[in-house]
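In what follows, a single structure is set out as structure tokens and then discussed.
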Amino acid sequence: MTKANEVALRVLERLRPGDWQRMLAWAALVGATGALATLGFRASLGWIEHWLYGTSGLVQAAESLPWWQRLLAPVIGGALAGSFLVLARRLPRAPHGDYMEATVLGRGQLPVRASLLRALSSACTVASGGAIGREGPMVQLAALTGSLLAGWRAMPVPRRRLLVACGAAAGLATAYGAPIAGALFIAEIVLQSLATETLAALLIASVSAHATVAVLVGAQPLYHMPALPPLGGQALLACGLLGLLAGLVAPLYLWLLDLSKKAFGALQVPLPLKLAVGGLIVGAISVYAPQVWGNGFSVVDSVLQGGWAWQALLVILALKIAAVAATTGSGAVGGIFTPTLFVGAVSGGLFAAATHALFPQLLPAPASAAIGMGAFLAASTHAPLTAVLMIFEMTESYGIVAPLMLASVLAFSVSRLLRPDSIYASSQKAKAATDPRIATAGDLLRPDSITVQAGDSLAVVEKRLLESRWRHVYVLDEHGVFRGAIALHDLTGVLKTPHDPASPWPASLLQPDYPRLRIDMPLWEVLGVFEAHPGERLPVLDASGRLAGHLAKTDLMLMLRDRLAIA
């Protein structure tokens, strides 16, 4: 081989994509498909709303309806939404059906039928005026695309989880036009990891989703802010005070949501009736204030323009919180992110009205509303960095970034002091279960193990090993109980001697003391077994000794690497 050929081979070897480069390509594909799923759901909602009301704006629709239709529409929508949830619950229960749980627990698999039924339920709630965000099902459907693609490629569990997270990031980026904040939200809230490789995949997915949206429908900031004058030092101090107040109010807001869930949970009625009761409360409120319908996007956009009287802001804030509590407490499926932005924006508007009474030129109302959104979001999610980037990307208003940072950090600090749990506490508690000291072999289980039985022929054993990339085939009895393993090199020795391929494999090939794992074995114990075993995989047995599947050392190393990146 010539020197030039050697150099060419080395260059080609360097340019050959590795596992991580291929993973980034999959992240880009998931981002694009997740954006398509999100846009499809948004278009479907728009079509339903236009078919029902002649307009796709829920607040406009509510204002144009007679009072009795405002009252009944959320009731009917709640009953339909509850019926779809009942159908979803009748399906075989998936251990981790929510994208947050599927990202950090289980096998990174989302149930298709249950996810679609939950999306239909959410569509009924949102289209009928339920005071809840539409981003929840959007993110769930986008995450579902990641789960399906990862399952199609039979990826290892940690890679599946990452692709589900990439889908969720794509859904957020599409829903809010915020690719950086979408990726950071999943990293900061769901994964609780800012590891470079993880964040890179999330960013690739978010950017891919954003580019897909820009090509198909165009990219515009979600909220339109008026031109603002530079904010001086006194305005910065006022924003710090706004952050402190947001940190005080956010725990109360979360407590009200929890209280509503407990109150509805105490109702011993069927789920459709429970959601109908929540809809009745929203409908009754909307008879007086139709602005409580939907996620509040149009109201927030209006508040960001300024011009609201403080009395109107105070009334709509109280009524919207009541409507959100009734909708989420009844068990409706949807997002809480956008309603939280609503509360923050209106609270910021109220703060501006209060400061204007004393210092008329101190803080413009639009700036106060936008900073209030970020501060309240940071206080509710305990994710100040995500909140800052989210508000900046949604408004594209650079002039508020410095006071927004101050308000968000102060709001987060006060809120966490008063209430350790954020609005996404359940997912963060689930995240604790992925600690290697707590997670078990069952969390990384692969069910597709190659097996033979005692009476099988040598030809069958040879065929199974040739079909597999593994060096051992597992031996089961007629009841599925694990009896040991046959090694490829031992079988090769037998095949080199004269033999009848149709004859049963000799018992001398069996390794009855082959290492095995219990399905409930903690991963730190699993690591110890692998230290004494040179192979790439080990069988996993259930409590009765039956083979449940196998655990690959690669999956274990990937999980441990991710855990160490967080530590």
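Here the Cβ of each residue, glycine as well, is placed from N, Cα and C on the backbone.
Annotated range for transmembrane segment in TrEMBL, selecting from 192-212, 276-296: 276-296. Over the domain 'CBS' (510-566) the predicted model carries a mean pLDDT of 80.
With a cut-off of 8 Å between Cβ atoms, the residues of this chain six or more beyond the transmembrane segment (162-187) that come close are 23, 26-27, 30-35, 37-39, 42, 99-100, 102-103, 108, 110, 134-135, 138-147, 149-150, 155, 193-194, 198-199, 201-210, 212-213, 219-222, 381, 383, 385-386, 389-390, 392-394.
Proximity of the transmembrane segment (336-359) to the transmembrane segment (276-296) is established through 3 or more Cβ-Cβ distances under 8 Å for residue pairs spaced 6 or more apart. The residues of the domain 'CBS' (510-566), classed with DSSP into helix (H, G, I), strand (E, B) and coil, number 23 helix, 17 strand, 17 coil.
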